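Participant: Swiss-Prot feature annotations, pasted as is:
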type     : residues : note
CARBOHYD : Asn109   : N-linked glycosylation site
CARBOHYD : Asn133   : N-linked glycosylation site
CARBOHYD : Asn147   : N-linked glycosylation site
CARBOHYD : Asn157   : N-linked glycosylation site
CARBOHYD : Asn241   : N-linked glycosylation site
CARBOHYD : Asn294   : N-linked glycosylation site
REPEAT   : 72-96    : repeat 'LRR 1'
REPEAT   : 97-120   : repeat 'LRR 2'
REPEAT   : 121-144  : repeat 'LRR 3'
REPEAT   : 194-220  : repeat 'LRR 6'
REPEAT   : 241-263  : repeat 'LRR 8'
REPEAT   : 264-288  : repeat 'LRR 9'
REPEAT   : 290-312  : repeat 'LRR 10'
Amino acid sequence: METSKLFLLSSSLLLVLLATRPCPSLSERCNPKDKKVLLQIKKALDNPYILASWNPNTDCCGWYCVECDLTTHRINSLTIFSGQLSGQIPDAVGDLPFLETLIFRKLSNLTGQIPPAIAKLKHLKMVRLSWTNLSGPVPAFFSELKNLTYLDLSFNNLSGPIPGSLSLLPNLGALHLDRNHLTGPIPDSFGKFAGSTPGLHLSHNQLSGKIPYSFRGFDPNVMDLSRNKLEGDLSIFFNANKSTQIVDFSRNLFQFDLSRVEFPKSLTSLDLSHNKIAGSLPEMMTSLDLQFLNVSYNRLCGKIPVGGKLQSFDYDSYFHNRCLCGAPLQSCK
């Protein structure tokens, strides 16, 4: 009897020990090479609080700001967002070879240039380096990352010209370079992207020159060139057969006759305000299902066409033109 009790007690203790002891195959999924790189990144950023969970004694697949592939257990996502973090993007980021998502966002103390080491990450699909104090040029090496579908470098201090080689990205769906200090013309190659046509966000820069003639065939879903120093004839961009929905060309120096422009039938938002556009509003605008319209602060004349959504917009959408009249403005004489 005593022997049986002793056996049961020993068995129970053994089960407790096995249950509380971590099993290496279950507790440590993270690839050791990836863990080493992540710890290097943490050290380079001076061990910020946002990365406090990056403990070398725990599985890095469970760390905050990272994700692992469910099959390979390699790090495929690094997202550092809105924390007290300072310094530069560490070169070690380029040593996470299976990374598909790279995000450093809303980090006002992140400085320096975008490191060339990122060019090694051939699996990248999404890059968001935005709302930081990154400076320097927009790197041309992004054109080597052929799997990119989303590139967001907005709200930074980037300067210099836009690399035309970005048009070589065959899968790009959206390009955000807005709210920087970029200069020079829009590359002619942007009218001929290698694959799908990305939504183009270039607003709040210091871009100058004319719209490339290649934009005659450019058909993005969204096109925002507002608040630059662009000039010339913008009418080449518009075509009734395009599928563009949102257009903002406001606060530039565009100068052309609006009278015969044929807007895309798909257009839902149009902002041409604060330019030097002359002529009259085309009658075909009454057929558009516009949700937003602003043509104020131009040199337009004539009667606002009656019909469609044109009378649903406020006075502010039309005022400060040369001699535009009709509802919602004053009656034509």
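Note that the numbers count up from 1, one per residue, in the order the chain is shown.
Here the Cβ of each residue, glycine as well, is placed from N, Cα and C on the backbone.
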Participant: So among Asn133, Asn241, Asn294, all listed as glycosylation sites, which is physically nearest to Asn157 (N-linked glycosylation site)? Use the C-alpha atoms.
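Facilitator: For Asn157 (N-linked glycosylation site), the closest Cα among Asn133, Asn241, Asn294 is found at Asn133.
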Participant: Want to know which glycosylation sites, from Asn109, Asn147, Asn241, Asn294, are within 10 Å of Asn133 (N-linked glycosylation site) at Cα; which are they?
Facilitator: Asn109
Participant: Sorted by position, what residues of the same chain at least six away from Asn241 (N-linked glycosylation site) have a C-beta under 8 A from it?
Facilitator: Pro264, Lys265
Participant: If you count other Cβ atoms within 10 Å of each one's Cβ, which of the glycosylation sites Asn109, Asn133, Asn147, Asn157, Asn294 has the most?
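Facilitator: Counting every other Cβ within 10 Å of each candidate, the maximum falls on Asn294.
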Participant: Give the helix, strand or coil assignment DSSP yields for Asn157 (N-linked glycosylation site).
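Facilitator: Looking at the DSSP assignment, Asn157 (N-linked glycosylation site) belongs to a strand.
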Participant: Which whole-number value in Å describes the distance between the Cα atoms of Asn147 (N-linked glycosylation site) and Asn109 (N-linked glycosylation site)?
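Facilitator: Here the two Cα atoms lie 29 Å apart.
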Participant: Rounded to a whole angstrom, what is the C-alpha distance between Asn109 (N-linked glycosylation site) and Asn294 (N-linked glycosylation site)?
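Facilitator: Spelling it out, the Cα of Asn109 (N-linked glycosylation site) and the Cα of Asn294 (N-linked glycosylation site) are 37 Å apart.
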Participant: In three-state terms from DSSP, label Asn294 (N-linked glycosylation site) for me.
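Facilitator: Where Asn294 (N-linked glycosylation site) sits, the three-state DSSP reduction gives strand.
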Participant: Over the span of the repeat 'LRR 1' (72-96), count residues by DSSP class, listing helix, strand and coil in order.
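Facilitator: Taking each residue of the repeat 'LRR 1' (72-96) in turn, the totals are 5 helix, 10 strand, 10 coil.
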